[in-house]
Structure formats: structure tokens, C-alpha cells
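Q: Per Swiss-Prot, the features are:
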- 14, 16, 100, 248: Zn(2+) 1 binding site (BINDING)
- 16, 17, 18, 42, 137, 220, 252, 264: substrate binding site (BINDING)
- 100, 137, 175: Zn(2+) 2 binding site (BINDING)
- 100: N6-carboxylysine (MOD_RES)
- 248: active site (ACT_SITE)
């Protein structure tokens, strides 16, 4: 068993960097490991057009550590009113790489999201024409649907129809959490892929609920039962190029998580590749990590692979109990616990 693991530099195909003072912390954590990241647009107000995406991109670039080459890949937030012209303008910008479907009310800052899938068909047609991928938060939001069933229900009610109606549209089913989603992606045409988070590979709902409620495991889509966790691990280590890394690292200030009505999101960017390495090692599949983390994503998006490399070493270290987050602090995933892999910093 090797104690060193060298990979082409990975990318994160789903991250939340937030905005304002928090960028000074979140951008550095992401840039430490990743060459590029697909940056979620669910700000307040959301990133709805190329001009807003450019302004946000400039704020991210200004927060990069010195000498960093980290590249934010910007995303539009689809609304019921997103036009085909806005899609074409965004594609022509060269820095907007996708558009995101948030069903209204599905997750953090999704109130401006899409109320009916049919309302964005004009935008989806334009996206298919210009080659812009659709990123999907795949959950229905009707009150009568159990929170643990919302992903499967979304597949049956909406996603199959979108994939069939727009056969040339690239679709990324983001942060999949169920065996149903993994099976759907495997059986779908080649233009359908999926991201998987480290926390959905490492944890299930028992970790969040047994022995007391642990708010720092609370995320959306919510952690599912262990059989779904195993199905996600199967998909991640399979070598299937449809599955690739997307952390969904989503920081919230401590007081917003440790509350009577806490926010959804796990902060993993500070040690993302180390956490994925632990998950892959559980399956004796470290040889499949580079494909999942560094190759499948850029290949799906039609972007060049990174050419530089990172090295992980088998070395135990203690995750910090908290990290700075703008004017507050954030409790990261695995806070205070021991991690088994460590990223070698440049020059180490």
C-alpha cells in the first residue's frame, strides 16, 4: 500500500464560494487544491446574466492568493424569465460555462428559482444550440413529498422528460445522493453526467441523526440511508466517466448552522481531496481517484485537463475546530477529527 499518491491537479465541478468578506477565506481553500471550479450562482441577488457573472468573477479573482492560477468557471442562475438571448450572450463571454436549475425553494437562496420546468424550455433550447451544460439541483419541493424521496421524485417527474426532449443538451445531475440517481445517470445517454460530494460518500443519515442531531452534517439534498451511500461509492470508484468530483462545499457561519432552524451545507473545501482519498481508500480504489477527480470532469465539459500535479501523503493530522469565514467562523466537515491523508504544499 503506497504512502504517496500523485494526481493531475483536480477540479471542483460544484462549489459555493459565497461573496463579500468570505471570499478571502473560501477562494484560498479552493485554490489550494483545485485548478478550476464551477462556482454556484445562488447569491443574493443571484447571478442571472453575463454582466453579473463577470462582476462576481472579478471579485473571486481579486481574492485569489498571490501567484495562484485558480480559475473560477462561472454559472448563470436560471429563472422563469431567462431568455435565449441571455444564454447566447453568456456563452459568447467565454467565462460562463453552464447554467443552473434550482427548483424554487429547493435549497439555500433558491427562492428566485424555476417554478415550472416548462418555463425554461426556451433557455434550454438555446443552451443545447450553443453547447452550454445544464446543471441540475434534482429535487422536487412540494410539501407533500418526503424530504428523503425528493431526488427520486424529481427524476421521475422532470429529469427524464428534459433529457428526452433535449437530446443534445449536456446535463449534470449535481450532488447525487441516491442509488436511483446513480442508476439513472449510468443508463442515460452520454450527454448526462453527475457530480458526487465527499460527504455523501463518507456519511449517511445515521451519522447526522443517531445519538443526537449533528447540524454540520445537514445538507441538501439530505444524507440518505447507508444503501444509497454504498451505491454512490460504487459509482464513484467504477471508473465510469459520467461521474466526477463536485464538493458542493457550502459554508455557513457557525451561528447559522448551530440554530433552532439551521442552514443546509457542509464546508469541505479546506480538505476536499483528502476526504475523497479516504472514501476511495475504503473501497481499495485509490487508483480510480485521478479519473474521478482530474479527468472525467474536464472531459465532460470539453475543457483541457490540467497539466500540473498534486501529491497526497499518508499522514494523520487534525482538522481545525473552526476556520475564519469573513466576519464569522465556520465549522468544517470533520472539525477536530483526524484525517488520514494530507496534501503536500508546493515546495514541501
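Just so it is clear, glycine is given a Cβ too, placed from its N, Cα and C backbone atoms.
Situate these features within the shown structure.
A: Contacts of residue 14 (Zn(2+) 1 binding site) defined by a Cβ separation under 8 A and a same-chain sequence distance of 6+ are given as 38, 40, 135, 174, 175, 195, 197, 246, 247, 248, in order along the sequence.
Within the same chain, the residues at least 6 positions away from residue 17 (substrate binding site) whose Cβ sits under 8 Å from its Cβ are 23, 26, 27, 30, 37, 39, 40, 60, 72, listed in sequence order.
Under the three-state DSSP scheme, residue 100 (Zn(2+) 1 binding site) falls in the strand class. Less than 8 angstroms from the CB of residue 100 (Zn(2+) 1 binding site) sit 40, 41, 42, 75, 76, 77, 78, 134, 135, 136, 137, each of them six or more residues away in the same chain.
Secondary structure at residue 248 (Zn(2+) 1 binding site), as computed by DSSP, is coil.
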Q: Report, as a single number, how many Cβ atoms besides its own are within 10 Å of the Cβ of residue 18 (substrate binding site).
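A: Residue 18 (substrate binding site): 24 neighbouring Cβ atoms within 10 Å.
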Q: According to DSSP, which of helix, strand or coil covers residue 17 (substrate binding site)?
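A: Note: residue 17 (substrate binding site) is coil by DSSP, not helix or strand.
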Q: What three-state secondary structure does DSSP assign to residue 137 (substrate binding site)?
A: coil
Q: List the residues of the same chain that sit at least 6 positions away from residue 252 (substrate binding site) in sequence and have their Cβ under 8 Å from its Cβ, in sequence order, or write 'none'.
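A: Within the chain, residue 252 (substrate binding site) has Cβ neighbours under 8 Å at 108, 262, 263, 265, 267, 330.
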